[in-house]
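Have a look at the structure below before the remarks.
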Amino acid sequence: MKKFSVVIAGGGSTFTPGIVLMLLDNMDKFPIRKLKFYDNDKERQAIVAGACEIILKEKAPEIEFLATTNPKEAFTDVDFVMAHIRVGKYAMRELDEKIPLKYGVVGQETCGPGGIAYGMRSIGGVIEILDYMEKYSPNAWMLNYSNPAAIVAEATRKLRPNSKILNICDMPIGIETRMAEILGLESRKEMTVKYYGLNHFGWWSDIRDKDGNDLMPKLKEHVKKYGYVAENGDTQHTDASWNDTFAKAKDVYAVDPSTLPNTYLKYYLFPDYVVEHSNKEYTRANEVMDGREKFVFGECKKVIENQSTKGCKMEIDEHASYIVDLARAISYNTHERMLLIVPNNGSIENFDSTGMVEIPCIVGSNGPEPLTMGKIPQFQKGLMEQQVSVEKLVVEAWKEKSYQKLWQAITLSRTVPSAKVAKQILDELIEVNKDYWPELN
């Protein structure tokens, strides 16, 4: 069985140790000969890499390991690039959230003006990594789960149309894990789903078990009362702010009881509620910096100090095993059915053919083959057309360095009440993003 060489782009991420543990747990399905970390923040990466090197020595000493800030070293001789980068780190995420909130607008990592700001920072970073991969390992595939996935996917479609990149998001997986629990199933893989939308902006229209029995009525009964709140939930989304999001799904569901919604629709359909329940001084970014970031870096430092993982509390990110499913589908032509973000090309009959949609695909050695979704209802179509236009305008603004188009993008977001407020937020975002955005004219 071939052994693979993998580079993790974003080696200094708080998610990296959990993903490394997950890869080690799946070595029987996806054997690795070489694992590399790449990051442009040497100090930050050194802490995570130092701990991961010890984890590897203990669990899989045969794997060759390297952490580097040198693109040539990182991207030469790799089969897969697994990318989770955060340009500007959590300090910039904090501003993405707090600046819009100052104006009474949703402040969120991937939705509204904050998501647009993050997108403007991320496009260049993801394109750069893609270019390194194509230069040094032209046969490799990039598995990208960097946020904001919708804008990043649109950017790769428009700016690098022939590149071997698969854009995937873990949010539907987290929700499906909860659905499986609500239904009393062992795993979300016992369900076959139909889902359509944009990234962080979609709906389940059909969910069946392996025998073809319709599971929607039972799920709807639960969601109508409790949202996606479940006993155990998924391992990824556990904080108090997430619990509110899963509970609020019942109100999002009520707007269209014929489908089951992605939780992120709360930000677009109930922005007033979101702002009202936000703390302008302490946002999700603060929660993460004080929670996961301190925890992960604290644990990594302990592992390095003890030169051992004994007593280490870092856990496998089990729900990240979708990354292995995707790599296996490409490597072994497994024809796994997965939700990916792909050009619509008529899959949704009555929607923009160039829009990047999130739909089920059959994945094999040549990449994804999107399934046909047919026509979608007017309500979803209307919301999606507005949102896909936001995403396209952001990418055009980045490419053309256009102030006008970015103002239009923010104005068009459902989360923003007027062009005046959009301009105020934009001008403040430009100030703080000088080191990250192209200079707009």
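Just so it is clear, glycine is given a Cβ too, placed from its N, Cα and C backbone atoms.
So that you can see what the record holds, here are the features copied from Swiss-Prot:
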- Asp170: active site, proton donor (ACT_SITE)
- Tyr264: active site, proton acceptor (ACT_SITE)
- 4-70: NAD(+) binding site (BINDING)
- Arg93, Asn147, Arg284: substrate binding site (BINDING)
- Cys169, His200: Mn(2+) binding site (BINDING)
- Glu109: site 'Increases basicity of active site Tyr' (SITE)
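When the Cα positions of Arg93, Asn147, Arg284 are compared pair by pair, the longest gap among these substrate-binding residues is 15 Å. Considering other CB atoms within 10 Å as the measure, the emptiest surroundings among the binding-site residues Arg93, His200, Arg284 are those of Arg284. Excluding Arg93, Asn147, Arg284, which define the substrate site, the same chain contributes Arg86, Tyr90, Asp96, Glu97, Gln108, Glu109, Thr110, Gly114, Tyr118, Ala285, Val288 within 8 Å (Cβ to the Cβ centroid), listed in sequence order. Taking the C-alpha positions, the distance from Phe4 (NAD(+) binding site) to His200 (Mn(2+) binding site) comes to 31 Å. If you take the Cα of Glu58 (NAD(+) binding site) and the Cα of Asn147 (substrate binding site), they are about 32 angstrom apart, rounded to a whole number.
Mapped onto three states, the DSSP output places Ala49 (NAD(+) binding site) in helix. Each of the recorded positions Glu58, Glu109, Asp170 was scored by the number of other CB atoms within 10 A of its CB, and the lowest score belongs to Glu58.
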